[in-house]
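See below for the structure under consideration.
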Amino acid sequence: HTHRPTHTHTHRGDTAHIKGVTRVNGDVALTHQESRLNPSKSNLNQTEHGHGSVITGIPIVTFKWHHVETPYLVALWILVAGLGKLVIEANHHVTSVIPESALLICFGFILGGIIWGADKVQTFKLTPTVFFFYLLPQIILDAGYSMPNKLFFSNMGAILIYAVIGTCWNAASLGLSLWGCHKGGAMGDLDLGLLQYLLFGSLMAAVDPVAVIAVFEQVHVNEVLFIMVFGESLLNDGVTVVLFNVFDAFVSLGGDKIDAVEIIKGIISFFVVAFGGSLVGFVFGLLISLLTRCTKNIQIIEPGFVFVLGYLAYLTAEMLSLSAILSIVFCGMCCQKYINSNMDERSVTTVRYVMKVLANGSETIIFVFLGISAIDKEIWVWNTGFILLTLLFVLVYRFIGVFFLTWILNKFRLVPVELIDQVIMSYGGLRGAVAYGLAVMLDENKIKEKNLMVSTTLIVVYFTVILQGITMKPLVNWLKVKRAAVGELTLIEKVQDKVFDHMLVAIEDISGQIGHNYMRDKWNNFEEKWMTCILMKPSARKNRDYVFKVFHKLNLKDAMRYVTEGERRGSLEFVRNETAFIDFKKKFDDDFSEVMPDIMADTSDDYSDTRDPVPSVSLEMHEQTMNGMRPLEDVNSHHLLQQHLYKGRKQHRHRYSRSHFDVNKDENEVQEIFQRTMRTRLESFKSGKMGVAPLKHITKHLKKDQQQKMPNGKSLDKSKTYHSGDEDFEFSEGDSASGFEASASSFPMRVTYRAGAGIENPAFMPDLDPMAQVQIPPWLAEAEVDSSMVAPSQRAQLRLPWTPSNLRRLAPLRISAHSTDSFMLADAPAAQQRDNDQLPPPPPPPAPPHGDHM
Amino acid sequence: MGSSNSSVNNIPNAQELMQETGFSAAHILRLHERFEFLDKHKCGQLRLVDRPTNQPQDFGAVQELALNPIGDSIISAFFSPGQETVDFASFVRILAHFRPTDRNQSRDGAQQEPANSSIRKLKFAFQMYDQDRDGKISRAELLQVLRAMLGIQVTEEQLQSIAERAIQEADLDRDDAISFDEFRKSLEKVDIDHKMSIRFLR
């Protein structure tokens with residue numbers, strides 16, 4: 001490591017004053033993550049280094065390590081940590097026993113050993129600057145952003161009690177007991193006073209969110225227990241930092257100068273820091289929400305705002321010496337609802353993913369570096385008494401604290417926290433990087449035994465994360481802790497949830513109680529009235545109902561499955577082959593599947609006809625069947641098709657744009673095709689059901705179609721991916737023509753559809769649309785009216801009617817009519833199929849209608 | 001306790017009620033106060049509607065209920081079918097559904113399930129939908145509840161499809177309606193004790 005000297009000196013410049021208390025004294029660090037902060041400065045320095053030598057000629061290639069050193073090392077470390085995680089996660093049977101966090105720490109040990117072996121000194125350590133400024137914020141932001149708000153607030157009281165009182169208790173009891181043991185002579189000669197012990201206690205007090213999340217993520221305990229531990233770990237970080245600062249100030253002040261006034265000031269500052277921090281976070285949350293209201297035109301960078309403002313919330317609170325952690329937690333919690341509905345759906349996904357990427361990445365780095373930091377001779381000071389007693393007290397007082405507080409809480413709680421849950425809660429009191437970060441921040445001048453404290457902290461961290469982490473899962477199993485119900489999202493559950501809420505409010509009203517539900521209802525009303533009004537886009541406000549969102553989500557899921565399933569079963573065969581639907585249907589149970597085949601039977605062919613001219617991946621299927629067909633006709637129809645059809649999407653594919661994702665700008669085309677095909681299916685199904693002869697006054701309707709620019713929602717996106725995925729635009733000419741002919745011979749019903757269509761493709765001739773109907777189905781009509789009124793970026797909900805699951809909704813209508821048509825044949829094999837094998841995707845059974853038209 | 005007991009004694013059948021519902025004397029007293037507050041005619045009964053005007057009676061005093069989307073269903077849950085009045089005992093019995101479930105209560109088989117058991121709670125929730133009390137939630141009934149809750153934000157068509165989907169999820173025997181058993185199964189994973197309990201202040 002030849003680079004070390006330069007490194008040191010650039011680092012000095014920005015050793016930060018975290019919490020405004022101490023100077024970081026670890027000189028070489030996980031280097032400049034802060035290159036973000038002052039890239040120009042350090043780069044300048046290094047550039048000078050690089051070009052300092054006398055130039056004797058023009059070098060063709062120069063090796064400029066110093067030029068790139070800092071960012072290079074940062075990137076390398078990230079890579080190494082990532083690879084470490086990759087290797088660890090590759091062995092599932094290992095991670096199922098030992099939690100990932102523990103393995104990462106061990107991985108850190110190994111790396112640290114290698115570095116130490118090479119350098120004889122620990123070059124890389126986790127410094128508080130890096131930790132608090134660059135690694136922690138995104139983890140906490142992610143936690144806040146994905147916080148289940150309702151659950152959190154309904155357990156808010158308990159969480160606050162644990163976080164505030166529990167943490168204070170931990171700090172005080174640990175500090176006092178250690179001091180007592182010191183007085184008793186249990187740890188020999190140490191230069192520590194009561195205040196120093198209390199300071200140490202306060203930095204050890206907090207349960208660490210990073211460690212807790214890492215461990216509890218893998219054991220799925222019930223949600224109340226989870227939110228208690230999780231919420232506590234988040235909030236008590238704020239508390240512990242405050243406590244730490246207060247005690248640190250006390251230590252600097254010196255024992256004799258502390259009087260009642262100072263203590264009161266300390267207590268006041270505690271509240272100011274905590275509430276002030278939360279307030280800052282709240283304000284920034286509102287800011288983000290407001291901002292995302294008007295980012296419609298810069299969708300591509302709107303996810304960025306969330307991160308930048310979140311980070312600013314953290315820094316602002318830090319600047320005002322308020323609790324930065326609380327600030328960013330509340331920022332995330334506040335804005336989640338609004339940004340999720342304000343932003344484009346893709347942006348929301350982006351935010352979620354990036355948030356997870358950052359959080360998970362820094363979590364990994366934190367654990368690895370926790371491991372690396374241990375391999376350093378300098379920090380290790382062994383004092384058996386001190387270390388063992390700390391370990392013991394940390395564990396014991398955690399248990400005592402939790403049990404005592406729960407005992408009090410259970411007197412007030414509606415559903416008491418059970419004994420087993422209390423055990424898990426106590427046992428889940430993992431300490432982590434926050435404690436370590438604070439310990440490293442201690443000032444050596446004021447606290448002589450800093451290294452002892454650091455090494456003790458490290459041991460406690462290892463002990464809790466590794467040992468308790470490993471034993472957590474068996475313990476949870478052994479105690480039979482109530483697990484989280486893992487199941488699929490179901491609509492009925494969500495509906496019922498809502499009914500429960502309303503019911504409880506009503507009952508509280510009737511019985512004249514002012515309880516939790518009453519308050520929540522009041523808050524909801526207030527929020528409805530004011531906050532959403534101000535913070536949400538009008539268009540987003542429209543469809544924000546919870547149940548509806550769930551419904552929407554389920555539909556999207558169905559649509560995805562529909563497509564995946566279809567593709568898996570052999571390209572797009574499912575589009576035209578009714579049998580492919582059986583598997584998809586299976587989930588929605590049989591009364592639906594009885595009906596679906598005949599929907600498909602009478603629509604699939606229409607559908608395929610309309611689709612074929614559009615370049616599609618699956619033409620081979622058809623081609624094979626077409627092989628024997630008349631080539632002359634193929635040529636004819638080829639010309640016709642070329643004249644009348646939309647162009648293939650291929651030519652749009654290679655555009656690059658920095659600010660837009662959808663390469664295919666010609667949405668009209670895609671949408672119209674999709675709309676038509678869907679309408680075709682719905683209509684034909686409907687006419688089949690009603691037995692009505694199609695009339696022809698849909699024409700007007702269709703024209704409107706063409707003009708309107710349908711926004712692209714998920715359902716449409718799906719169809720689009722089909723089209724744009726069509727690499728090989730091999731036009732199998734005559735496809736539609738011969739297909740048409742064949743079908744004409746097979747079903748009388750279809751003949752009527754096609755009669756007017758001639759050789760031109762029926763789907764793209766508005767006036768001859770075979771599907772002309774008695775009436776426009778209300779859902780179509782409605783969506784169209786809607787979409788013509790609102791802005792094009794209206795979110796996807798409006799287009800719900802096109803998702804496949806809506807076919808399902810229609811399905812039962814069919815039951816009554818289902819003897820009236822000629823598709824009973826299609827039913828029989830499908831039904832059999834279903835009865836025979838429910839599980840595996842059934843091989844396509846012979847489908848009479850399809851078969852004979854081929 | 002002495003003083004409250006004395007006033008509890010003024011309430012008819014107070015002891016039996018306490019026994020049956022598990023409310024303490026203080027609870028009963030408090031609920032009785034509330035009952036009397038609601039009972040404007042001082043006749044010991046709450047009425048569903050005022051006959052001549054057809055205005056909601058008695059429960060109308062609770063203004064929040066008017067805003068509650070399913071307020072009407074809840075009010076009607078207090079009245080057994082055909083009845084238009086509810087007396088204090090029934091009032092308390094209904095409210096008893098919402099007491100937190102007692103965990104460590106030894107349950108002897110002979111005794112009837114207490115009102116605050118999860119199954120009785122569920123039954124109550126079920127009745128929220130099942131307005132005609134035929135033991136099944138039909139699509140129309142579900143739709144009605146959904147309409148009340150989702151209201152203006154969602155179109156009728158969307159409501160229909162939501163109802164459709166919800167029924168399909170729960171409907172195991174394919175009769176296009178949700179029976180109580182199906183209802184219970186669909187909510188198996190929901191912690192009913194949590195979701196259907198409120199704290200009654202003393």
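Placed from the backbone N, Cα and C atoms, the Cβ positions cover glycine too.
TrEMBL lists A:70-88, A:100-118, A:130-147, A:159-179, A:194-217, A:224-247, A:267-291, A:320-339, A:351-375, A:387-409, A:451-470 with the feature transmembrane segment. The domain 'Cation/H+ exchanger transmembrane' feature in TrEMBL is assigned to A:95-478. The region 'Disordered' annotation in TrEMBL covers A:701-735, A:822-854. For A:715-726, the entry in TrEMBL reads compositional bias 'Basic and acidic residues'. TrEMBL lists A:839-854 with the feature compositional bias 'Pro residues'.
Between the transmembrane segment (A:387-409) and the transmembrane segment (A:351-375) there are fewer than 3 Cβ pairs closer than 8 Å, counting only residues 6 or more apart in sequence, so the two stretches are not in contact.
Contact between the transmembrane segment (A:224-247) and the transmembrane segment (A:159-179) is present: at least three CB pairs lie under 8 Å, with pairs separated by 6 or more positions in sequence. Beyond the ends of the transmembrane segment (A:194-217), by six or more residues, the same chain brings 99-101, 136, 139-140, 143, 167-168, 170-176, 178-179, 182, 226, 229-230, 232-234, 236-237, 239-240, 243-244, 246-248, 250-251, 255, 258, 363, 366-367, 390, 394, 428-435, 438-439, 442, 447, 449, 453, 456-457, 460-461, 464-465, 468-469, 472 to within a C-beta distance below 8 angstroms of the stretch. Long-range contacts of the transmembrane segment (A:267-291) within its own chain (CB-CB distance under 8 A, at least 6 residues past either end) are made by residues 144, 238-239, 242-243, 245-246, 305-306, 309-310, 312-313, 316-317, 320-335, 338-339, 342, 534-536.
Residues 16, 18-19, 29-30, 33-34, 36, 209-210, 213, 230, 234, 237, 281, 306-307, 310-311, 314, 324-325, 328-333, 335-336, 351-352, 355-356, 358-359, 362-363, 365-366, 433-434, 436-437 of the same chain sit 6 or more residues outside the transmembrane segment (A:130-147) yet have a Cβ under 8 Å from a Cβ within it.
For the transmembrane segment (A:159-179), same-chain residues at least 6 beyond its ends with a Cβ under 8 Å from one of its own Cβ atoms are 152, 192-194, 197-202, 204-206, 227-228, 231-232, 234-236, 238-240, 243, 386, 389-390, 393-394, 397-398, 400-402, 405, 408-409, 425.
Panel annotation: around the transmembrane segment (A:351-375), residues 30, 77-78, 80-82, 84-85, 101, 104-113, 115-116, 122, 124-126, 131, 134-136, 138-139, 141-143, 145-146, 210, 213-214, 303, 306-307, 339, 343, 432-433, 436, 458, 461-462, 465 of the same chain, lying at least six beyond its termini, place a Cβ under 8 Å from a Cβ of the stretch.
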